[in-house]
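For reference, the structure is listed below as structure tokens.
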Amino acid sequence: MPVKSITTTPYDGQKPGTSGLRKRVKIFQQENYTQNFIQATLDAMPSPGAKESTLVVGGDGRYFSTEAIQIIIRVAAGNGVSKLIIGKNGILSTPAASNLIRKRKANGGILLTASHNPGGPDNDFGIKYNVSNGGPAPESVTNLIYEYTKKCNKYHMCDMPEIDLSKIGVQTIDGFTIEIVDSVNDYAQLLKEIFNFEQIKQFFKNNPNFKVLFDGLHGVTGPYAERIFVEELGLSRSSIQNCTPLPDFGGSHPDPNLTYAHSLVERVERENVNFGAASDGDGDRNMIYGKNAFVTPSDSVAVIAAHAEVIPYFQKTGVKGLARSMPTSAAIDLVAKKKGLEIFEVPTGWKFFGNLMDAGRLSICGEESFGTGSDHIREKDGVWAIVAWLNIIAAVNEKRPGVGIKEILLEHYQIYGRNFFSRYDYEEVESECANKMVEHLRHLIGVGKDDFIGKTFGQFTVKEADDFEYCDPIDGSVSKNQGVRIIFTDGSRIVIRLSGTGSQGATIRLYVEKYSQNVSEYESDTQEALKPLIDVALQISKLQEFTGRAKPTVIT
Ligand code: VG1
Ligand code: CO
């Protein structure tokens with residue numbers, strides 16, 4: 001096939017954020033915008049580079065995905081890529097893509113998703129590059145992509161007819177191979193190797209009144225849920241809802257939290273559902289929520305770590321170490337301490353866990369943003385987390401029948417204490433206002449530090465404060481300015497950082513955490529328990545003064 005080199009002009013702002021490049025669809029639709037970014041991505045691929053490489057391609061099926069895949073096919077061919085493995089109709093959940101990259105020993109993958117951001121012609125699209133371990137590219141690679149975008153004045157492509165993405169099979173055009181694969185098979189196989197499906201099925205059989213409801217929020221996990229929950233685990237079809245992937249997610253946010261998964265929340269409460277769960281647009285997030293029992297993601301990963309020995313995968317590999325992102329509560333740290341395991345605190349973003357997993361030092365990790373996972377792949381994994389909980393419940397019930405989500409949580413608090421945790425998001429704040437607030441905070445903890453440490457706000461006295469910096473223990477790379485932390489003498493904590501996944505203005509994230517070993521508090525309402533700390537966070541940050549916002553957009 002003849003290669004054409006097309007002249008183009010670099011675009012500003014093609015800098016990958018926490019998890020790839022995310023912008024409005026309209027921005028990606030600009031002339032050569034997507035082509036430029038793909039060219040820069042291929043140019044930045046780690047050695048031996050794009051030529052003769054194999055790449056996995058797929059995404060959450062959001063609006064503009066199929067157009068983007070046709071562009072990727074042509075630009076990949078133009079750059080001498082030898083093979084693309086593409087999910088049928090362009091569909092691959094983020095964890096399924098990570099698994100395929102590993103299983104097929106591909107050199108990397110291009111994931112088309114903006115995760116939990118809304119989709120459709122007026123909403124978001126995203127492109128993320130994953131490396132050969134199946135995980136998101138590290139900052140060294142994403143920085144290089146950005147550098148290439150700034151000088152991208154040519155891209156290479158081959159003219160070819162549109163490829164039919166709906167037909168499973170292999171086609172080779174002039175030495176360039178395109179393989180369309182079933183989106184679900186390999187992933188379903190993986191989960192069957194990890195968990196005790198027989199035990200879970202048996203539990204459902206023994207407990208016909210145990211109600212389960214999974215909500216796909218019209219994201220990518222629908223077909224995965226149907227295969228795993230209905231076909232493999234034998235639940236009824238009415239146990240899953242919103243499981244048809246839609247390019248605009250039915251017009252809502254495919255974000256599994258109490259605000260955006262409202263239809264699940266209502267049904268769980270109204271129909272006394274024992275086990276409710278949801279996943280996000282690209283299938284890497286999860287929410288676990290039963291009647292009167294919401295599991296915070298920080299608690300969820302701690303519970304999974306505490307019960308890991310009932311999961312066949314960990315029986316085989318052992319638990320090598322635990323980790324969390326910095327803003328995530330320290331509940332998992334307490335499990336690590338009790339079990340004598342290494343614990344790591346990394347910046348926000350799953351890419352920071354990959355090196356630790358590759359080095360054999362990390363098995364289970366999580367983020368407060370509804371991300372939970374393990375070293376079975378190199379992405380967080382929504383369906384994995386949900387099946388992990390089912391496996392734990394099934395195993396615990398063999399010894400103590402009648403135990404559900406709430407009992408497991410309360411037992412956990414009795415052993416480890418409770419880390420109350422909440423996050424306030426202020427979305428689409430004017431960037432200038434958000435930056436001024438951050439400057440104010442950096443001043444407090446920088447030049448003003450001597451005055452700030454030891455100061456008392458309400459019942460809290462400042463013990464330490466910094467802007468989180470991480471040195472990767474494996475490759476020594478340093479990531480600075482990852483969020484302002486203010487730690488009080490009683491161990492309570494405030495973290496403030498700006499989001500790196502938004503596509504419009506700035507999103508301020510405020511995280512608060514308070515630890516309690518007071519048994520009478522274990523069933524308290526999170527927002528009530530944290531109210532005094534939140535007041536202090538707002539006072540210190542002057543958030544309302546800087547942004548004019550009296551209330552957050554979302555509380556999780
Ligand atoms: C958010 C979350 C972070 C998560 C990231 C990607 O990033 O806070 O924990 O890893 O989204 O998740 P930020 O920079 O906006 O806070 V997903 O499901 O979008 O791939
Ligand atoms: Co996601």
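Each Cβ is built from the backbone N, Cα and C atoms, and glycine gets one as well.
Record features (TrEMBL):
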type   : residues : note
DOMAIN : 14-153   : domain 'Alpha-D-phosphohexomutase alpha/beta/alpha'
DOMAIN : 187-289  : domain 'Alpha-D-phosphohexomutase alpha/beta/alpha'
DOMAIN : 298-399  : domain 'Alpha-D-phosphohexomutase alpha/beta/alpha'
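Per DSSP, the secondary structure of the domain 'Alpha-D-phosphohexomutase alpha/beta/alpha' (14-153) breaks down as 52 helix, 35 strand, 53 coil. Summarised as a single figure, the pLDDT of the domain 'Alpha-D-phosphohexomutase alpha/beta/alpha' (14-153) averages 96. Each residue of the domain 'Alpha-D-phosphohexomutase alpha/beta/alpha' (187-289) gets a DSSP state, and the totals for helix, strand and coil are 44 helix, 16 strand, 43 coil.
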